[in-house]
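Here the structure is laid out as structure tokens; the discussion comes afterwards.
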Amino acid sequence: MTRILAFVGMPASGKSEASAVLRRKGIAVINMGDVIREEVVRRGLEPTDTNTGGVGTELREKEGRDAVARRCVPKIRGADPDLLGIDGVRSVPEVECFKNAFGDDFTLVSIESPLEVRFARVKARGRSDDMQDINALKARDERELGWGMGEAMKMADIVITNNGTLEEFRKKITELVE
Ligand SMILES: Nc1ncnc2c1ncn2[C@@H]1O[C@H](COP(=O)(O)OP(=O)(O)OP(=O)(O)O)[C@@H](O)[C@H]1O
């Protein structure tokens, strides 16, 4: 049976950094945003913030709010590793989908960091779908909260704060894995 560590958190809270810690230990991580970006590219669109947001919303409207999680379950069962990471859980139906599929082997980890700290990190990150002003990040937060991210974060089994250095954060994630 596969044990799962799933990360939930606002944009730029540190989910990718947590995933990178797992990957460096040889643990595979499924990125739920990539599942949407795959669909964006399959449709011949550029993976911009607008397109990923739009396709993500459409998938959830057409296939249900756990659409992206449901696309992950067969990928996980197919690979059947001992331990696996999931980056980017966004709503209660997604948590319920994973809990139904994997029961107590599914651990939800909420990564928490204030808006100002996250914005400073986004500016330094410069990803293709990143925003350059804090109001755009706030708007993205609102979109995530609109999908029920706040409620999903409240369901977390473990809360990890990421307000300090990257070293400190990586240490917390390493301890969690071990
Ligand atoms: N403690 C930290 N100190 C400094 N920089 C950090 C820290 N944690 C994360 N970062 C940096 O902040 C940026 C955002 O983090 P990351 O990409 O891991 O967030 P995310 O939660 O995966 O974001 P998104 O939901 O937008 O994909 C990255 O460039 C990352 O390297």
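Just so it is clear, glycine is given a Cβ too, placed from its N, Cα and C backbone atoms.
What TrEMBL says about this protein:
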| type | residues | note |
| --- | --- | --- |
| BINDING | Gly9, Met10, Pro11, Ala12, Ser13, Gly14, Lys15, Ser16 | ATP binding site |
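Overlay of TrEMBL annotations on the structure.
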{"residue": "Gly9", "record": "ATP binding site", "Cβ neighbours (10 Å)": "27"}
{"residue": "Met10", "record": "ATP binding site", "Cβ neighbours (10 Å)": "22"}
{"residue": "Pro11", "record": "ATP binding site", "Cβ neighbours (10 Å)": "23"}
{"residue": "Ala12", "record": "ATP binding site", "Cβ neighbours (10 Å)": "26"}
{"residue": "Ser13", "record": "ATP binding site", "Cβ neighbours (10 Å)": "24"}
{"residue": "Gly14", "record": "ATP binding site", "Cβ neighbours (10 Å)": "27"}
{"residue": "Lys15", "record": "ATP binding site", "Cβ neighbours (10 Å)": "26"}
{"residue": "Ser16", "record": "ATP binding site", "Cβ neighbours (10 Å)": "17"}
* **Listed binding-site residues with Cβ under 6 Å from ligand 1, out of Met10, Ala12, Ser13, Ser16** => Ala12, Ser13, Ser16
* Asked: To test your reading of the ATP site: which residues beyond Gly9, Met10, Pro11, Ala12, Ser13, Gly14, Lys15, Ser16, same chain only, put their Cβ within 8 Å of the Cβ centroid of those residues?
  -> Phe7, Ile111, Ser113, Arg118, Asn162
